[in-house]
Amino acid sequence: MKESKGRIVFQCINYTFLFLMMVVCLYPVLYVLAASLSSFEFLSRGKVGIIPMGFTLDAYKRILTYPMLGRSYFNTFFYTIAGTIISMLISALAAYPLSRRPFPGQKFMSKVIVIAMLFSAGIVPTFLVVTKLNMYNTVWSILLPTAVSSFNVILLKNFFQQIPYELEESASLDGCSQTMILFRIILPLSMPGVVTVGLFYAVAQWNSYFPAMLYLRDRALVPIQIILRDIVIQNQTTDLAIDLVKGSDQISESVKYATIMVATLPIMLVYPFIQKYFVKGVMVGSVKG
Amino acid sequence: MRDIGRRRKETVNQSPKGPKLGIKKYMPFYIMFLPVLIYYVVFRYIPLIYSLIISLVKYQPAKGILGSKFVGLEYYLQFIKSTFFVRLIRNTLAINFLQLTLGFVAPIILALLLNEVGRAKFKKMVQTVTYLPNFISSVVVVSMVVTFLSPSTGLINNILQAFGLEKVNFLTEPGYFWMIFTLMTMWQTTGYTAIIYLASLTGINSELYEAARIDGAGRWKQLWYVTLPGISSTIVLMFLMKVGRVLDVGYDTIVLMYNPSIYSTSDVIGTYVYRRGILNGEYSFGSAVGFFQSIIGLALVILANKMAKKYSETSLW
């Protein structure tokens, strides 16, 4: 097909624009990486672009010797893994009945989930309930109050619905219980959906900081995001960040960048592998949700 | 939700027999749903009822709800009459307005532009890269904003200085906050949301474009008469979802970014509830403001949903 002149001009502008969009999205991340590996002289003079200047690993060495950081890092991994398992289990058990042929209680079930999506109670009463349940300053305050997302349950339900009902029926005739059908047939067959929703939960838990800020007083329990907030955003040089950032000002700037990097690195590393699942999940969720 | 209803009718016609709730037959389903039901009751519905009750009494944790004095709508009135009220509503609405305009249109434009890209590889690359910020946590994003805008060593101020301009302390000047926050949110979400529109763009029947071309429609006309109507239901749906959270503007992120010197533009209902309700321990007042916000939010969704039903046949329920 012959392209018109206007079309060619448009395409040039379009490609340039989209290229710029990529730069805007990538640049900050690359800059932080470069800055974390650069020496203070170059950083303070604003010489660093996306290539490290005066390459040094001092900032990372400093972080590694900081026990609080390792502890919080471990905590984040724990919250992410345990939280994802709990969330997935509850969500799958809820999504399965919702995805089956209609039965009398189903309408009530979907109402329970949709209303919670539209109407939220707010932080004060939730805080009070969590405190009343004696979860304040325990790992449960991080794992339970945000365990289920209505959106994710609906997403899982949509994935489950794509499995033909005949399969379930024949399994049922063979004497399979509903629980066995869910775990042996439905879940394995909707692996892309399970992975998508699992990743949604995992990334949310990895990135979460607000519940930790609300409920955790004990420093030994906090996730990495809280440490990051203290060091970079609040510039806290009190008890915990003092040896890390203070001392020599020379290194403090790159330590901030290195901490950002460390808190993001695991997601950056798995991103290329999990990205396609997310795209798929978003598409299924949007088309059928 | 729609297809559940459809299938329900079919089976009701097929097998009208059986007990009303089918307790025995569907017992496994009810048991499976139990954990999620408990979760929603404990962490969503009880707090909701709690919120309403606490906001109506002068709640003191030591005395419990029953021992606390009933004060009616006092805390609601106190909030509405307070000097903060106008400022909080203004900030909340202003940030929302920016997000409902700039933040809402950007992903649609990105999706439309991506849709025009012929090279599949380039298209995929752009998608992958623009989707990336969505994975970066708010704390990290705010950290980056704070370090980039830092008056002493920040990247932006270094650039300003290189051009011989004055350094600006962006995060202590109230005038910049709305825009900084909006741009930051857009950076995080535009690529992600664009995928949803791309999904619905691929769903448009290509014969429609052919027919339009035969009728002599140019690119712009095709966009106007085929593409946009094709994704209009997705647009409406996304809009409704956004309206639902209209008063909830990511206060947890703002809490990280703001400081007393820019409260005048950055304090929103959510941050105010957090400060008064949690940090100051004014549970009743915090609950009242929170409940007020939820009610307005719900009213707006219902209104928007009605409008959507009337004008576009798309709705949340």
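Just so it is clear, glycine is given a Cβ too, placed from its N, Cα and C backbone atoms.
For reference, TrEMBL has these:
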- A:12-34: transmembrane segment (TRANSMEM)
- A:73-274: domain 'ABC transmembrane type-1' (DOMAIN)
- A:77-96: transmembrane segment (TRANSMEM)
- A:108-130: transmembrane segment (TRANSMEM)
- A:142-160: transmembrane segment (TRANSMEM)
- A:181-204: transmembrane segment (TRANSMEM)
- A:255-274: transmembrane segment (TRANSMEM)
### Query
List, by number or range, the same-chain residues at least 6 past the transmembrane segment (A:181-204) whose CB is under 8 A from its CB atoms?
80-81, 83-84, 87-88, 91-93, 96, 146, 149, 152, 155-156, 158-160, 162-163, 167-168, 171-172, 267, 274, 277-278, 280-281, 284
### Per Cβ pairs under 8 Å, the stretch of A:12-34, A:77-96, A:108-130, A:255-274 packing most closely against the transmembrane segment (A:142-160)
A:77-96
### Query
Which bits of the chain, at least 6 residues beyond where the transmembrane segment (A:108-130) starts or stops, bring a Cβ under 8 A of a Cβ in it?
94, 97-98, 136, 141, 145, 150-151, 153-154, 214-215
### Message
Can you work out which residues elsewhere in the same chain, 6+ from the ends of the transmembrane segment (A:12-34), have a Cβ less than 8 Å from its Cβ atoms?
### Response
48-53, 257, 260-261, 264, 268
